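Asks: Please read through the structure below; I'll follow up with questions.
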Amino acid sequence: MNTHGSEVKVFCRTRPTANFAQDLIEYLPDGQTVNVHLKKESRKGIVNNQLNSWSFRLDRILHDVSQEEVYNSVAHRVVLGALDGYNGTVMCFGQTGAGKTYTMTGATESYKERGIIPRALQEVFQEVEQRSDHTITVRLSFLEIYNEILLDLLSSVKESPAGPPAAMAIVDEGGAGVSVKGLSLHLVHNEEEALNLLFEGEMNRIIGAHSLNRNSSRSHCIFTVHIESHSRTLSDAKYVTSKLNLVDLAGSERLGKTGSEGQILIETMYINKSLSFLEQAILALADRRRDHVPFRQSKLTHALKDTLGGNCNTVLVANVYGEAGQIEETLSTLRFACRMKCVRTEPAVNEHVDPVLQVKKLQKEIQLLKQELSIQDTLANRTGVSYGALTETQVAQIQSQVQRYLDGTVDEINVVSIRQAKEVFVQFKLALQQREEKIKEDTIQNYILAEKAQSMQAAANAKGPNGIVDVDGPNFGVGMAPSLDKNSRLQSPHRVKTKKGKDLNRKDGTASPALMKEAETSSTSRMNPLLASQKDIDGQEAEMQSQDPQGPQAGDKEHVRTDSPPLKATAFEDFKAERGSEINRILKENKAVLAERRRHLRELRDGVNAAKRKIDRTSAELQQLREHSQQQGRLVSADGEPVLEEAELALLLSLQKLKGQYRQHYKELCSTKAEVNYCEHLVDQCRTRLLSEFESWYNESFLIPEEAQVMLRAGEPTIRPGLIPMAKALALEEDDQEHFDHLRSKLLTSPGAISYFNAHDKTLQKRIYSKTTTQKVQHKRTSGGSGKTKLPAILSVT
């Protein structure tokens, strides 16, 4: 077999006929060339440049030959190649009635007239018996492509229990080629079983009758022989597989000659369409400059992807009808055959490796290599050498050797095996990483100590001769008493905290009396620090101790507002007017758009219902008019065709117009309904956002203590006003032990509660997300399909 690429072998077989057009078709003595001559048409005038002669050179002309000679010339070499591991294909192409099915299958009534498929099966099993040094497995499949639908002709003899047929699809498995998913494979052991399956599939084929052929095939059929060969003499894990495709294509038809009608006409259209796509694929394969071949245009070309220009030995039999009346179809078939001859294939043996045998072979090889190493160690007087995986003890010994080598106590490390050498490098790498980590930690520690020493030196230099820190700088260094310095240090952080509290209450427009008093005191001290009396300082210190939550005077009274919170209804109106004005405005706009869309939806619904009622009335009137005309007798033209009355024509036009309006209104109704659903989603989103922010604002303004607000804002400076988490605010007075006890009490009552609630929350989130995504996708599809409608201008809150 030529593995460097070969051309497709093309043969031409003529159907025997008593009216062979000898003056039009000429076979040359070389047995490979056929000439076609046509007479010029006189109606085209004196100047007639019409081409009327063609010459086609093929591999062989099969004219008036027997079925046995056809098989020996066409399929014998391909079948033997399939047994050697090469994929093979024999395909018959031609017009309807040219003898394709007869060439491929033959006459079932006569053994001598059997076709290529029965003879190929016979030769396959004869070779299986002769090749006793191989175990060959043969499986069969029979695929039918009818009106671009894949059918399994052997589905009625499936060995699996009866059930709904699996969906069939052509899949491209990359290196494994093209296969049909869902197509049944049947194991056969002898020629009789294979022929039984062949005949069963032939009985299930779809045939029809027309003027040119009483038993015309109405579908393309692919009979495939799957061969798998294992050697019995060699202990090699390799085995070969191959596929032998025997393709019987449906014939091309001219509607003017066949006179097809009804279902036969539909089948003819599908047949001609698929054959046209097949010819396009052949043209693309023959053109070396084209990179893309349209295999996926039809099921036929997709299924024959490997056959056409792939890893396969391909043979084409062009069947022609040698009568003068079919000369145009003969020319078309010969042109296709010449184009097919330009296609090159790259056949190669399909070798595979049996994983089970490969593992056994490798294990045996490893054992032999270990024995050979053991003999070499014995001859070299090396003892204690192990070639298996290193144990933990051996790894520890290697680690100790590497450490001693790095310390300088050992000059060299003896290498006894490859595993030991690799482990030495691993231990070197680990030692290097540990040294780097240690150096890094020492550097950080030294830097921290140096920085701490510099800070202490700077603090010592800043102290005056009396041990007083000069806080205000050299311009205000007028000797203060040591007691005043203590109070000043206590007062400094309190001033910063008071300023934060003052700014916070200024935003809200209110201020507590304690904070205002503290601000005034700090302001007076700040304006004239030299005039601050001892009484003022003592009063501020006492006030700070009273506000300290850890002091002895701390209690729950500090966390209660002096005024009672207002009603939620009144507070909600104030919130919508001030803090939540923007969200409230967006909610009102979305509500207005939703109301307008709902009104438009009602109008469309009324219009659709009205159009439906008009269609029903018009249909009823048309039916009554036709029944009345039938009773009175319908008018007919001179050709015998019925003539429509004016009233009936008017009703038909009116009915057609009403149906068009109904479709238009219904399409717009679906689009508007999607818009309404989207608007409702936005309104619900805005309402939920407004209520949640109001609850947070209400809790923050009237329920959470002001000191808690200050602490929350100090811990989270980027938090937005009105969105302080309530759980965090209420948990300020709860320490870690109380929080742990609270969680433990909940879990002890129901140990599986945490898993249950986690799963419940995740399910709800997933459902909401899925629902929202589905609504958005439906809305996009609906709005995109209409081409006119657009989404309303709605402001979404994020």
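Each Cβ is built from the backbone N, Cα and C atoms, and glycine gets one as well.
As the structure is a computational prediction, the values presented were derived from the model and not from experiment.
According to TrEMBL, the feature ATP binding site maps to GLY94, GLN95, THR96, GLY97, ALA98, GLY99, LYS100, THR101. The coiled coil annotation in TrEMBL covers 601-628. The domain 'Kinesin motor' annotation in TrEMBL covers 7-343. Among the features that TrEMBL reports, region 'Disordered' is placed at 479-567, 771-798.
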Asks: Which state, by DSSP, holds GLY94 (ATP binding site): helix, strand or coil?
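Replies: DSSP assigns GLY94 (ATP binding site) to strand.
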Asks: I want to verify one value. Collapsing DSSP to three states, which class is LYS100 (ATP binding site)?
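Replies: Where LYS100 (ATP binding site) sits, the three-state DSSP reduction gives helix.
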Asks: Taking only the residues in the domain 'Kinesin motor' (7-343), give me the average pLDDT of this model.
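Replies: Here the predicted model's pLDDT, averaged over the domain 'Kinesin motor' (7-343), is 85.
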Asks: By the count of other Cβ atoms within 10 Å, pick out the sparsest of the binding-site residues GLY94, GLY99.
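Replies: Taking GLY94, GLY99 as the binding-site residues, the minimal 10 Å Cβ count falls on GLY99.
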Asks: Would you count the other C-beta atoms found within 10 angstroms of the C-beta of THR101 (ATP binding site) for me?
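Replies: Total other Cβ atoms inside 10 Å, all chains included: 25.
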Asks: So for ALA98 (ATP binding site), how many other CB atoms are inside 10 Å of its CB?
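Replies: That number is 27.
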